Amino acid sequence: MKAFLAEQPVLVLFGLLALGTLLGKITIRGVGLGPAGVLFAALALSAVDPDWAVPEIVGTLGLSLFAYAVGIVAGPSFFGGLRRGIRPIALVAAALLGVGALSYGLGRALGFSPGTIAGMYAGANTNTPGLAAAIVRLDGSPEPTVGYSLSYIGGVLVMLLTTAWLLRRGQSAPDPEPGGNRPEVTTRTVEVTHDNVMEIRELRRTPYGEVLFSRHRTPDGEMHLAAGATVLRPGDMVHLVGAQAAVDHLTKQLGRASDVVLTMERDEFDFRRIVVSNKALFGKSIGELHLWDRFMATATRVRRADQDFLATADLHVQPGDRIRVTAPADQMTKVAKYLGDSEHAISDINPLGLATGMTLGLLLGAVPFVVPGLGTLHLGAAAGPLLVGLIVGRLGRSGPMLWTLPHSGAETLTQLGLLLFLAYAGGRAGSQVVTALTSPLGLKLILAGLVVTAAHAAVLAYGARHLAMAAPRAAGMVAGSQTQPAILAFANESTGHDPRVTMGYALVYPVAMVVKIIVCQVLTIL
């Protein structure tokens, strides 16, 4: 049986995925491993027989797919967040440099070799690329692998517990960062009672965000779609769409809320949600769709995954978005045809864009960077695809080249890549655990690794509290600082895939990856 399984890596892989998924569904007081169950199933299986391991190429494929898909999903909001996210980035960089110094001090005090210290740092911070960099730096020495193996499990467990603690303490907390928590979209009919005559275009922007005007009814009962040049006068009624605070502000400015529901009057103007499946429109902004010029239609909301977004002119359209359109009844069919309105068409995962983006990411990861005193560094199969994914995810398209993926397709690739990587990573660490545990330094390595991870977690938790970060964003930051997909998956699952988790992760992940790779190599020469 052992020989048979050793010759069937694909069978072992999918068996691990099934067993690990079942393990991840087990919860204790509401906390479960989730996808990280695959990691621990692989650790246990490879500890029994090191030959029952997943091939390295599978792990590389999974890691690069995961990183690229995360970049694609986070790209549209990452660069805006970067402008206001310098403090979390600085916090993560400082934490990783600090625990690097702690690793060096602990390692020297306990008599560890430089290679073992570097491996312990990589394991305590669950960073396989850092381990690989240390091994290459030491010409294939096994010392980093031993340190990594015994500190890796604690690195995952401590950070999982930290993430669970953060989420339990502040799951519903608001995010004070501008744009950090996209407010829920609300609608209201308002009766104009004030005498200040103004055009709609002058009213759209409020201190609390933009408000869109959908319909406009005059005192004599005439219904119109609200245009920017429409002048509002006492007795008019308008239908507003926007964030609660912005709509409240504009209601006070115009007059009072009305019980009349303008959207129920559908004889002349109708509304519906239309799926964007026309590939020519992917990556374009709402303003670039020119719905008003083409059809005298307006877009007020965009449904993406399970979230509603206000259809502002600068919001870029992604495959599978569902746009809430209000248009003359006789134009609605034309609007639907223009946007696509095909569920089948959005099932295409855009193989050309995916393959090209992955190729560019892996090429970037393979480019050597010469750093004085450290030698040659590489971004690797994680940071390279992630950086490219963030960039092309923000661009949407480059001329005829479409980069975007349907949201469901990107989420599927993220989950698949994550599971493949975890199955490989568990097999790699588990094959060394039994041997390392019998060594004289085994217990010291485990305890030292736990101290390093706990210090890292404490700095992040304190920093998140000091920065008044909402729990979902803080959990994403912890996962990104630890460069650990399992923690990201756990946080996503625990929050119902709150977008702030992925945003927090993607914001700090590139910096964390680069810092760890550099620190691991520095530790080998101290």
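Using N, Cα and C of the backbone, Cβ positions are placed for all residues, glycine too.
Curation plays no part in TrEMBL annotations; they are all automatic predictions.
As recorded in TrEMBL, the features of this protein are as follows:
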DOMAIN    174-256  domain 'RCK C-terminal'
DOMAIN    259-341  domain 'RCK C-terminal'
TRANSMEM  57-82  transmembrane segment
TRANSMEM  89-106  transmembrane segment
TRANSMEM  146-167  transmembrane segment
TRANSMEM  352-371  transmembrane segment
TRANSMEM  377-396  transmembrane segment
TRANSMEM  408-425  transmembrane segment
TRANSMEM  445-464  transmembrane segment
TRANSMEM  506-525  transmembrane segment
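The list of residues near the transmembrane segment (506-525) in space but at least 6 beyond its ends in sequence, with Cβ under 8 angstroms from a Cβ of it, reads 70-71, 73-74, 78, 81-82, 85, 88-89, 92-93, 96-97, 100, 103-104, 107, 114-115, 117-118, 121-122, 125, 127, 129-131, 133-134, 137-138, 144, 371, 373-375, 377-380, 382-383, 386-387, 390, 476-477, 480-483. Pairs of Cβ atoms less than 8 Å apart link the transmembrane segment (408-425) most often to 57-82, out of 57-82, 89-106, 146-167, 352-371. Within the same chain, residues 9, 13, 89, 128, 179-180, 316, 318, 354, 357-358, 361-362, 365, 381-396, 403-405, 407, 410-411, 413-414, 416-425, 428, 485, 488, 499, 502-503, 505-507, 509 sit at least 6 positions outside the transmembrane segment (57-82) and bring their C-beta atoms closer than 8 Å to a C-beta of that stretch. Each residue in the domain 'RCK C-terminal' (174-256) gets a DSSP state, and the totals come to 14 helix, 35 strand, 34 coil. Residues 88, 91-92, 94-96, 98-99, 102-103, 106-107, 110, 112, 116, 120-121, 123-125, 146-147, 150-152, 154-155, 158-159, 162, 165-166, 436, 474, 477-478, 481-482 of the same chain, all 6+ positions outside the transmembrane segment (445-464), place their C-beta atoms under 8 angstroms from a C-beta of that stretch. Outside the transmembrane segment (146-167) by six or more residues, the chain places 31, 33, 36, 39, 43, 112, 115-126, 131, 425, 429-430, 432-433, 435-437, 439, 442, 445-446, 448-450, 452-454, 456-457, 460-461, 464, 471-472, 474-475, 478-479, 482, 484, 486-487, 490-491, 494-495 with a CB less than 8 A from a CB of the stretch. Sequence-distant neighbours of the transmembrane segment (89-106) (same chain, 6+ residues past either end, Cβ-Cβ under 8 Å): 82, 112, 117, 120-121, 124-125, 448, 451-452, 455-456, 459-460, 463, 467, 477, 480-481, 507-508, 511-512, 515-516, 519, 522-523, 526.
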